[in-house]
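Below is one structure; the comments refer to it alone.
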């Protein structure tokens, strides 16, 4: 059912490479015109929009004729560095026609690793939104370390959606949504319940031609966000008026229904896979206490059998069983050194407080 007024007040719009590039791999002016016009219309209706866009590398392909023997990493760096200028200008030139200013933010995964850095970044976004400026975000491919690169911009959009406590994350791809491959005709699945887990049965083989992400990545990010209280839509960005349809409650693509929102720090921890600076190994008794669901339980030193890495208070750490299975993630309440000296002992303060603990479903 469509509504006269938008059902969301703050959204992230993630635009995939295959949405804004044509078959020749170059930026598609008509699609860019459409998307920026839709965003401008939503802003006029009072919706705050954060734009996460891929496409810098593809834009670079339309500018640079590479020569010499560059490694794949060097090639990506050159194309991203040159293409990002064209990409941001393509958006800003169009936003200007609507009286809107865009701001470029290039980030790396490491920017989300430190809590204080994370909070500083959030302050910047909030200030831009307060001034009615559109944050235009992309991964800083030119300087990103391979080990700390995002899986793709779907992951980046999820981190930003969580950080800014948005109402919805709209992931625009070049497909209509998640298809039900188990049903005749393979219809688009309109809604996904937060309890759904096995998405691979609905995924068709293949992935984006120029981008790094596929539908399974999108579903996993969407599922995690929905469990954190953020609605996620996966839809076709080339469909005319797609953002208006979704923002006003109309049916389009696949909607991942949100659960009750979680606390800010819990959201940060929940999306911190790959950002951890160490790990604690816990025994079965601690696992049972954390996962019983009977009451809120912090991770105490008595249940810890090992400590890995060198982390400080406030760093993200991984929680593992003795056989290496990841149980969850948490924000350390002490240093690795103190955790080692305390492990196995009773009556001491938690190594990870419940409010800063996220268990893998």
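Glycine residues also receive a Cβ, built from the backbone N, Cα and C atoms like all the rest.
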Where Swiss-Prot shows 141, 153 binding substrate, which of 54, 58, 65 is named for the same site?
54
When neighbour density is defined as the number of other C-beta atoms within 10 angstroms of a residue's C-beta, which of the binding-site residues 54, 153 has the lowest density?
153
Protein Cβ atoms within 10 Å of residue 14 (ATP binding site), excluding its own:
31
On the 0 to 100 scale, where does the mean pLDDT of the domain 'PUA' (277-355) fall?
92
Calculate the distance in Å between the alpha carbons (Cα) of residue 153 (substrate binding site) and residue 14 (ATP binding site), and round it to a whole number.
7
